[in-house]
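Q: One structure follows; several queries about it will come next.
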Amino acid sequence: MKSSITTIERRYGLSSQKSGLLAAFNEVGNTILIIFVSFFGSRVHRPRCIGGGALLACFASLLMALPHFLSGPYEYTAHMSSASSDNTSDLCQSQSLLTSSSSNQNCSQQKSPAQEGVYPLLLLGQLLLGIGTVPIQPFGISYIDDFASKSNSPLYLGILFAMTSIGPALGFISGAMMLRFYVDFDKFPRDEIQLDPKDLRWVGAWWLGFLVASCLLFLTALPYLFFPRDMYREDDADDPESRPGAQTKSEPLQEVSLLHFLKSFPRIALRTLRSPVYLLVVLAQVNLAAMLAGLSTFMAKFIERQFSQTVSFATMMIGGVGIPLAVLGTVLGGLLMRRLSISVSGASKLCTTVILLCMFTATPLHLIGCSTQTVAEVFPPSPDTLSCSSNCRCPQDAFNPVCGSDRVEFRSPCHAGCITMEMGINGKITNYTECQCIGGLGYASPGTCGSGCAHLLLPFMVLLGITCFIASFSQTPSYMMILRTVSTEDKSFAVGVQYMLFRVLAFMPCPVLYGTVIDTTCLAWGKKCGKQTSCLYFNLDSFRHRFLGLQVVFLCGALLCFLLTVVVLRRRARHQELELNGKGGYELAIEQKTTEEAALKDDGDRKHIKT
């Protein structure tokens, strides 16, 4: 979903705020059901719940792909404004007889129930997808830990966590491969597709990844339906519970009713949150999760616009560079904790140092980029409209960017005042000529002029990768701080509350927040049938500063929380040291007094014996 979100935004004319809401909507069902999952535990048939959840996720993936088959072919400017396919409607024309009838026909298609129901259908698919994925990890982890031997359980869980980390990377990479295909490649022959991936109007086959994921989910869900509810534990010589005939005993928690659990949930949650170290560490992780939500949802869009790259290449950068380095940093952070045997206080100092280093690597990212290219009537803003194309009667929703020979970009050949065009051997347009609004040679080439910052992509990705690598070092130490600062009986519950806060405070609101911030940098909105669609041009300086600035804000929040944990732990250690010293001195005085009394008693006994 994250790899296709900007493509879906362009295909169905969504704002960044709406696409952010769509990306965050699968957390809604996940958050609602996490309380019930923490209650049921081993009370249910866990393998069947996992299989049922996977089948529900399979159905949700099909729902996500359904809008492609319900809606008509993707319409862009060259097709919208003319019923013919000769592309002459993009040119400057004083009169156009076909425009009104064709546009009315297309607008009637846009108002059809199938087209208007696309966004609610996508939201429903995301909601069901979040519900379907709820039982997979918690039930899977507990099932493995219950029936695997003590020596093999960490290995199995390590494989599970590794695959969970690799999954998003594979999702981004496979999504990038799907986006190289045209969205309607199943509806048109290849020779009829006029767009190429570098065109700003290009829409990739976003729906194909959901179909592939749905098939894979179906195949992996079926075996879970045939697993037993309980297994014999694996053979382990050091584990008496694994011997044949040993049966797992039911926990006394099964006697607790759901109503009693729901009543006690707020009380236990408040008791857990009353621990200052736990609360500060969770808030720090929430800040880092909020930063991750923005990176995973809109970083591909940022790279596409800032460095004039294709959507598939930008998505590949996230999945092939950012996520693998983050996984590597997480593993190395765990190895560092194990090798150095770092205490809770040491873990807090390590996390603080790591986030401070992230500040130094993330701040220079603001300086890597270019200003917005010159776009006629868009940027730089001017109160006077160009008179050279006023008699061309260009449609308001026309968007077919062309780059003039003077490096000024126009929204369409019509806005550039171009009268004729040159065709290549393959039937594609090579140049627009006799353009009234372009000085010098007076011609324009198809496509955007670009930001001119493609050469800065390499240093940007290097710094971004280093930032992700360093930030992920704090994941394992912060988890260990949580597990070592809560009571034993509250550990699993504390982790559940932690994940719930992640979803409520980070993964649900932050994509919407990022989308809203990105929308404030829009210079020109697209229009279709009188309605506003997705943004056509962004102010790249504002986009860069606000988007990356928000990342720095969350880094500062994490840094502040980790600094406070260092202070709290230091005060706690000082307080315990004072108590121990005070108690030690009292015991020493008692011991000295007892020794003196014993010596006096011995002297008395000796005198009595002499007497």
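Quick reminder: no glycine exception, Cβ is built from N, Cα and C everywhere.
Checked TrEMBL, it gives:
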DOMAIN    1-576  domain 'Major facilitator superfamily (MFS) profile'
TRANSMEM  20-40  transmembrane segment
TRANSMEM  52-70  transmembrane segment
TRANSMEM  121-144  transmembrane segment
TRANSMEM  156-183  transmembrane segment
TRANSMEM  203-227  transmembrane segment
TRANSMEM  277-299  transmembrane segment
TRANSMEM  311-337  transmembrane segment
TRANSMEM  349-369  transmembrane segment
DOMAIN    382-436  domain 'Kazal-like'
TRANSMEM  456-473  transmembrane segment
TRANSMEM  493-514  transmembrane segment
TRANSMEM  547-569  transmembrane segment
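Give me the structural setting of these features: burial, nearby parts and distances.
A: Residues 1, 8, 21-23, 25-30, 33-34, 37-38, 41-42, 44, 46-47, 49-50, 52-61, 63-64, 66-67, 70, 153, 156-157, 160, 164 of the same chain lie 6+ residues outside the transmembrane segment (121-144) yet bring a C-beta within less than 8 angstroms of a C-beta in it.
Long-range contacts of the transmembrane segment (156-183) within the same chain: residues 2-4, 7, 11, 68, 74, 137, 140-141, 144-145, 148, 193, 195, 197, 202-209, 212, 296, 311-313, 315-316, 318-320, 323-324, 326-327, 330, each at least 6 residues beyond the stretch ends and with a Cβ under 8 Å from a Cβ of the stretch.
If one looks beyond the transmembrane segment (203-227) by at least 6 residues along the same chain, the residues whose Cβ comes under 8 Å of a Cβ in the stretch are 3-4, 7-8, 10-11, 47-48, 50-52, 54-55, 57-59, 61-62, 64-65, 67-69, 74, 171, 174-175, 178-183, 185, 197, 311-312.
Remote same-chain residues near the transmembrane segment (277-299) are listed as 2, 5-6, 16, 20, 23-24, 168, 314, 318, 322, 344, 348, 351, 355, 464, 468, 471, 474, 478, 481-482, 485-486, 494, 497-498, 501-502, 505-507, 510-511, 513-515, 518, 547, 550-551, 554-555, 557-558, 561-562, 564-565, 568-569 (criterion: CB distance under 8 Å, separation of at least six residues from the stretch ends).
Long-range neighbours of the transmembrane segment (456-473) within the same chain, counting only residues 6 or more positions beyond its ends whose Cβ lies under 8 Å from a Cβ of the stretch, are 288, 291, 295, 299, 303, 307, 309, 317, 321-323, 325-330, 332-333, 336, 350, 354-355, 357-358, 361-362, 364-365, 368-370, 555.
Through the fold, the transmembrane segment (493-514) approaches residues 16-17, 20-21, 23-24, 27-28, 30-31, 34-35, 38, 268-269, 272-273, 278, 282, 285-287, 289-290, 292-294, 297-298, 482-483, 486, 547, 550 of its own chain, all at least 6 residues removed from its boundaries and within a Cβ separation under 8 Å.
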Q: Do any residues, 6 or more residues outside the transmembrane segment (311-337), come within under 8 Å Cβ-to-Cβ of it, and if so which ones?
A: 3, 6-7, 162, 165-166, 168-173, 175-177, 179-180, 197, 202, 204, 295-296, 299-304, 347, 350, 457, 461, 464-466, 468-477, 480
Q: Which sequence positions outside the transmembrane segment (349-369), separated from its termini by at least 6 residues, show Cβ-Cβ distances below 8 Å to it?
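A: Beyond its ends, the transmembrane segment (349-369) has Cβ neighbours at 284, 306-307, 336, 342, 451, 453, 456, 459-460, 463-464, 466-467, 470-471, 473-474, 477-478, 481, 540-541, 544-545, 548-549, 551-552, 555-556, 558-559, 562-563, 565-566.
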Q: List the helix, strand and coil residue totals of the domain 'Kazal-like' (382-436) as derived from DSSP.
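A: The breakdown for the domain 'Kazal-like' (382-436) reads 3 helix, 18 strand, 34 coil.
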Q: With a Cβ cut-off under 8 Å, give me the same-chain residues at least six positions beyond the ends of the transmembrane segment (20-40) that come close to it.
A: 1-2, 5, 8, 14, 119, 122-123, 126-131, 133-135, 138-139, 258, 261-262, 265, 293, 297-298, 492-493, 496, 499-500, 503-504, 507-516
Q: Same-chain Cβ contacts of the transmembrane segment (547-569) under 8 Å, 6 or more residues past its ends?
A: 276-277, 280-281, 283-285, 287-288, 290-291, 294-295, 298, 302, 344-345, 348-349, 351-352, 355-356, 358-359, 362-363, 365-366, 471, 474, 481, 513-514, 517-518
